[in-house]
């Protein structure tokens, strides 16, 4: 089981989109051996929803993943792109996606709620600004067919996320992008080591990468490296995708490690990373890639902890960090 440090919960929302193949191409990296997760943008409406109701029942749910089973993916042509496509859609020429379903994925005691939504509507209103989200699925989507994509979004009353939660299957939403590459894998060699650090819904891109590593049957890609996931949330009911990650622990104990920080137990994700700073630093010095996704408050404590550890071992952290950044081993997308 994952190491758990008890803490408090959060209200989040996960969205599962049905889209055309071109949209999926823009949703994910679509580069040979590049897993997941390019951010894309949702045109935000000025329309205010007064009060949140129960989400719609789930329809067209993603294929259930059980045990150590892997799933064939298609089309394999998605492995052939030379680099991620970016900015394929703009606010003046957006892509229209369709909501498939909405499914709550947090427990009753979470301070926020999370839902899985297969298609998203766009409520009547004026498009005024962009909201950025990162795909929580790889290029092949939750149905492994290259025609869907998933999002994980924190609920904010009166915002785009509330509009999405209130959506019904068949509703439409306009998307732009994708943009940004920080949360793509820094190394696409299946033997590489990756350290994923997330707060809350910052888990989205890492869920995508891990599905590629452990759930997708790809003839040209078999992960044999090591992935270490740190996830910080409010409480046990706020942990996202825990069943998936615990299954990976069971099926691939030599390739996966999973630590959860629950802030109700006064442990934040940065505290857990610092506790393991010696191991993390050793992996980084051996060529591992580290990714920080979520709340920006975790970055400085993690850097400080690694700095102290480096100094205690007679190493210069500033020089190490500069090298990590120049090698694309230090990858950060925080807010």
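Cβ atoms are placed via backbone N, Cα and C, with glycine included.
Annotated NADP(+) binding site per TrEMBL: 201, 267, 333, in sequence order. In three-state terms derived from DSSP, residue 267 (NADP(+) binding site) belongs to neither a helical nor a strand segment and is classed as coil.
Residues or ranges marked as domain 'Oxidoreductase FAD/NAD(P)-binding' in TrEMBL: 196-300.
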Discussion item. I want to verify one value. Collapsing DSSP to three states, which class is residue 201 (NADP(+) binding site)?
Written reply: helix
Worksheet item: Any idea of the Cα spread of the NADP(+) site, 201, 267, 333, as a max distance in Å?
Response: 21
